[in-house]
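Chemist: I'd like to ask some things about the structure below.
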Amino acid sequence: MMTYYFIADLHLNESQPQITHQFLQFMQQKAPLAQAVYILGDFFDFWIGDDEQSVLISQVKLALKKLTASGVKCYFICGNRDFLLGQTFAQQTGIQLLADYHLLDLFGERTLLCHGDTLCIDDIKYQQFRRRVHQKRLQKLFLWLPLTLRIKIAQKIRRKSKQDKKNKSADIMDVNQAFTAQKVHQYGATHLIHGHTHRQAVHFEQNFTRIVLGDWRPDRSSILKVDEKGFEFL
């Protein structure tokens, strides 16, 4: 039976080894039996360039390479934490990078995939920040900086982001319903799968089904399994 897995918001980092362990277990036990695995952003807690090296990164690269070498496809859509993950990483691991929005035929259902941050248009400050950091010229300049300086800048941005979240209402950090429906209609989709909000749920909207992936924590994972029988969270 053909099976697809969807995950997002693992926020892999050295301070939470249990989450890395859970991911590696998933890669060893479930992923090898899949037709494809889709990682929908914020895979890493932050990513400052494909030249960064660590034990965690090496473990993840090895697991991805082993999976793709076995014939299982692995696709990646960047999130707001790992949008600098690039072609070098993709070549090293065998994953395929996708655009911000990707349309997939999933057992006859037109399914739209995205990280989810682009749907949260009510968070105006974040959307302004996103437009700036996605400028290719600015990214090129940042990646030109020494690795140690990039780490300091990323840590500063992350601290500010955490502080800003405390001052934002929960509503503006969720998707805008009208914009989301418009985007789904634009792609002619019947289903939408996204992450980012950390609010695992299935929403049966008027003309489509919206499936939200949850974030990973030391005590639980959020894995969406889709096969010809339907979908379920593991």
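These residue numbers are counts, starting from 1, taken along the chain as shown.
In case you wondered, yes, glycine gets a Cβ from its N, Cα and C as well.
Remember, it's a predicted structure, so these values are computed and weren't measured experimentally.
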Chemist: If Swiss-Prot says Asp42, Asn80, His115 bind Mn(2+) 2, which of His191, His196, His198 does it name for the same site?
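Modeler: Of His191, His196, His198, His196 joins Asp42, Asn80, His115 in the Mn(2+) 2 site that Swiss-Prot records.
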Chemist: Which secondary structure state does DSSP assign to His115 (Mn(2+) 2 binding site), in the simple three-class scheme?
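Modeler: Where His115 (Mn(2+) 2 binding site) sits, the three-state DSSP reduction gives coil.
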Chemist: For Asn80, Ser161, listed as binding-site residues, tell me which one has the smallest number of other Cβ atoms within 10 Å.
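Modeler: Among the binding-site residues Asn80, Ser161, the lowest count of other Cβ atoms within 10 Å belongs to Ser161.
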Chemist: What's the most sparsely packed of the binding-site residues Arg81, His115, Lys165, His198, counting other C-beta atoms within 10 A?
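Modeler: Result for the binding-site residues Arg81, His115, Lys165, His198: minimum number of other Cβ atoms within 10 Å at Lys165.
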